[in-house]
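Residues annotated as Mg(2+) 3 binding site in TrEMBL: B:D20, B:D60, B:D188. Taken from TrEMBL, the feature Mg(2+) 2 binding site covers B:D32, B:D60. Taken from TrEMBL, the feature substrate binding site applies to B:D39, B:E240, B:Y287. The annotation ATP binding site is assigned in TrEMBL to B:G106, B:D107, B:R130, B:S190. The domain 'PurM-like N-terminal' annotation in TrEMBL covers B:18-123. Taken from TrEMBL, the feature domain 'PurM-like C-terminal' covers B:135-274.
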There are 2 protein chains.
Amino acid sequence: MDERESLAAIYEWLPDAGDDAAVVGDLIFTVDMLHQQTDFPEGTTRYTAGWRAVGASLSDVAAMGAEATAAVAAYAAPEFDGDELHAFVRGARDVCELVDGRYVGGDLDTHDEFTVASAVVGRTEAPVYRSTAAVGDAVCVTGTLGRTGAAIRAFERGAHDRGNDLFRFEPRVAAGRALAPHASAMMDSSDGLARSLHQLAEASDCGFAVAWDRVPLDDAVFEEATTDADERECGLYTGEDFELVFTVPRDRLEAARTASPVPVTVVGEVTEEAVTIDGEPVPDRGYTHGD
Amino acid sequence: MDERESLAAIYEWLPDAGDDAAVVGDLIFTVDMLHQQTDFPEGTTRYTAGWRAVGASLSDVAAMGAEATAAVAAYAAPEFDGDELHAFVRGARDVCELVDGRYVGGDLDTHDEFTVASAVVGRTEAPVYRSTAAVGDAVCVTGTLGRTGAAIRAFERGAHDRGNDLFRFEPRVAAGRALAPHASAMMDSSDGLARSLHQLAEASDCGFAVAWDRVPLDDAVFEEATTDADERECGLYTGEDFELVFTVPRDRLEAARTASPVPVTVVGEVTEEAVTIDGEPVPDRGYTHGD
């Protein structure tokens, strides 16, 4: 059973699962786990790790259109270095403050590999799901894509400061809340644009037609990627940019753009079936960490 | 820096941390991480692991006197076996149902070592903290202590069914809510009675005088422990029994007993200083997993 089949099984056993975060009354609730080997390239500071781990969960709450109320994290490491731990806590706290959330602590654990689990609770009366996109809607993304792909390339060439800068993203909590009244469906791009589109397509029983030249690549992609194919890898497949991918009825598009505190780019439209870019089928794959 | 020093530092950086769970308005929020090597002896089923991981977080919420609203868990394993995953989900769901909470999903992750992170969100208008015990109060525990110590011994001798049975505890959510209006301070016994008393003493700036013959050892302790010292190890130090340890003013004791759906045993009283059992100082130590 691979991760995808397992997730499909879980959605069957747990009808509440299957979106970016669970909805329980007016609460939005999510947990994520990140590991040294797969999520924190060599050179990632503990400040960045704290920011990114908690940011990933904040992004899930943003993708439901909710406010981020509070975050906790469990920090597991082979040993506890006071400076590293403090840096982690500062990173976690700073990313929470950026989105008007509160970092309220967590747990410590001894573990061979540096591992972080983060959980965020948020609130909204009107969550936006993945399953409600309609044919003809515009499909949009916030901000730019490919930062994480560029960051990984920066880490690989030893440009650690650059990698850390690119790795610290702003979770789109404010944008998610502003877009929620307009969006017909929404999720975050944590698995990359390609997989996000496939997941939205499956949840909403629709397709997507996207134009590659509309995908808003981050400037860093052009600086770090070496070929056109590499740029495409960063923009479509690497993922973990934690932007919002959402659909919006055409007549709400202007209102959505106006409401959003970050740039919104239309990258294509919702179709009856199949996920295509420039007419070609898009493989349903993401970045395979560390492989 | 050891785990205890690190926790002390974190409490300084994060004033919201330092209790069993964080309090954010009327929400109670906690996260825990458990690992194969340290928390799940050989023979632990995935059903028990799901139950126990989520149960540990439910216990934190119980210790604040809150209701348990919802739980999520991140499941990380080297590979995903459908039956194991399903068993885990059933365990997580069953322990939630037992305490009127909802298990609403989580995250999957590939990891060398089986690792679970669980988070629970609860609600209460009147949380009970560790820091408010008063000299002269009775110190009490719910249920019985030593089940986990007995379980570990059962696993060690290959009695896996017995170990699993003992490992699946009932989180004291109902008792926590019933005791909250009466208790002056409360926490769970996840680090063992000895460390719990030290932590309550530190938070409340008090001491405890406990009588060993009053400590309600579980029947399983007498079956599994081999010597008097071993019984004491199970009852005082092993921990992870997830019972409530709480203080209560003498004139509220009868009301607390009557309100509690599980037996309440007075094991001693709150003193000015020092944690003693039968007049002897109690070392501030717990069970060192896997060492």
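Any Cβ shown, glycine's included, is placed from N, Cα and C.
Annotated features, which come from TrEMBL, shown on the structure.
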residue	record	Cβ within 10 Å
B:D32	Mg(2+) 2 binding site	28
B:D39	substrate binding site	22
B:D60	Mg(2+) 3 binding site	30
B:G106	ATP binding site	29
B:D107	ATP binding site	23
B:R130	ATP binding site	23
B:D188	Mg(2+) 3 binding site	28
B:S190	ATP binding site	21
B:E240	substrate binding site	25
B:Y287	substrate binding site	21
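You'll find the Cα of B:Y287 (substrate binding site) roughly 29 Å from the Cα of B:D107 (ATP binding site).
Proximity of B:D20 (Mg(2+) 3 binding site) to non-local residues of its own chain (separation of 6 or more, Cβ distance below 8 Å) is seen for B:T30, B:S59, B:D60, B:V61, B:A63, B:M64, B:R130, B:M187, B:D188, given in sequence order. Across the domain 'PurM-like N-terminal' (B:18-123), DSSP assigns 39 helix, 41 strand, 26 coil. Predicted-model confidence for the domain 'PurM-like N-terminal' (B:18-123) is 95, expressed as mean pLDDT. Using a CB-CB cutoff of under 8 Å against chain A, the binding-site residues that qualify from B:D32, B:D39, B:D60 are B:D32. Same-chain residues that are not part of B:D20, B:D60, B:D188 yet have a Cβ within 8 Å of the Cβ center of the Mg(2+) 3 site turn out to be B:D19, B:A21, B:T30, B:S59, B:V61, B:A62, B:A63, B:M64, B:M187, B:S190. In this structure, the CA atom of B:G106 (ATP binding site) is 13 Å away from the CA atom of B:D32 (Mg(2+) 2 binding site).
Looking only at the binding-site residues B:D32, B:D39, B:E240, the one with its C-alpha closest to B:S190 (ATP binding site) is B:E240. B:E240 (substrate binding site) sits 25 Å from B:D107 (ATP binding site), counting Cα to Cα. DSSP gives B:D188 (Mg(2+) 3 binding site) a strand state. Of all residue pairs in the ATP-binding list (B:G106, B:D107, B:R130, B:S190), the one with the greatest Cα separation is 32 Å apart.
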